[in-house]
Amino acid sequence: MGTPEFPDLGKHCSVDVCKQIDFLPFTCDRCLQVFCLDHRSYMKHSCPKGDREDVTVVICPLCAKGVRLNPNEDPNITWEKHVNTDCDPSNYEKATKKKKCPVPRCKEYLTFSNTIKCRDCNVDHCLKHRFGPDHTCPGPRKLPFMGFLSSSTTRKEAKTTRPNKAHPSTSSSSSSSRWSNLLSSAEAGISRLGNDISQKLQFSSSKDNGIVEVCPQCGAKFSSVTSLVEHVEKTHERNKKQNHGNVTVDVCPRCSRGFRDPVDLVNHIERDHRGTSKA
């Protein structure tokens, strides 16, 4: 087995009938024996441990659910557990019944690829009946309050039409009352408009003849803008000047010049007196 250069190269297949030497053998992960390419599967070499991790699922005829059989357990016991605990016969119709197109005489089953929902009626249809005229679309759904409004309007119309047939005088009285209401509302609007116009005219006349200008500082009233300006210059400007009299002033020791800002005084001494501050 192998060659003089590689004595361990290749192994014989474990199947008694085969015993073929394979230079790339396969080792079974269950029985840990060596096999050739033709006998590498569990069924080909009849592996005694091949069903340990085997997954076998049986479809229940009552609920159409998958039942997984345990290799280390009797299938009858597994089936009894499913029937007693997890089996639901009502699920059979949901799982087996396929959805069809709602159009009469259409036998097309609706799947993921051939289903289109109508934007107006929100119902699923097949590709053949996807347009509204093909499936007699009733149109978009009406809102409930729209129906309430339409019913209320029909009731009002019925109430108004019934007395018209029985008593024509009542219809004339109702129309006259409506006209009177319209006239009264129009008169009220006109009176309000007249009051607003009169108020504006009074305000403009008071501007021309009365006291309209008010001082923002003391609240004094004046008949013209010029008098208001004179008042501000005489009274309030003087008060500002008097208040500014309390500001500290720094005096130059050489020329007795006053400065409000000490920085300006230092710059003046360095510029005019060449940096000397001798008295």
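Including glycine, each Cβ sits where the backbone N, Cα and C put it.
Residues or ranges marked as zinc finger in Swiss-Prot: 7-55, 95-145, 213-236, 250-273. Annotation source Swiss-Prot lists Zn(2+) 1 binding site at C13, C18, C36, H39. Residues annotated as Zn(2+) 2 binding site in Swiss-Prot: C28, C31, H45, C47. Per Swiss-Prot, Zn(2+) 3 binding site is recorded for C101, C106, C126, H129. Under the heading Zn(2+) 4 binding site, Swiss-Prot lists C118, C121, H135, C137, citing sequence analysis as support. If you look up Swiss-Prot, you'll see 152-178 marked as region 'Disordered'. Swiss-Prot lists 169-178 with the feature compositional bias 'Low complexity'.
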Zn(2+) 3 site shell beyond C101, C106, C126, H129, criterion: Cβ within 8 Å of Cβ centroid: K100, P102, V103, E108, L110, H125, L127, K128, H135
Residues within 8 Å of the C118, C121, H135, C137 Cβ centre (excluding the Zn(2+) 4 site residues themselves): D120, V123, H125, G132, T136, P138
Fewest-neighbour residue among binding-site residues, criterion Cβ within 10 Å, set H39, H129: H129
Tally of residues which DSSP labels helix, strand or coil - the zinc finger (7-55): 0 helix, 8 strand, 41 coil
H45 (Zn(2+) 2 binding site) and C126 (Zn(2+) 3 binding site), Cα-Cα, nearest whole angstrom: 51
Stretch-averaged pLDDT - the zinc finger (250-273): 80
Residue among the binding-site residues C101, C121, C137 whose Cβ has the most other Cβ atoms within 10 Å: C101
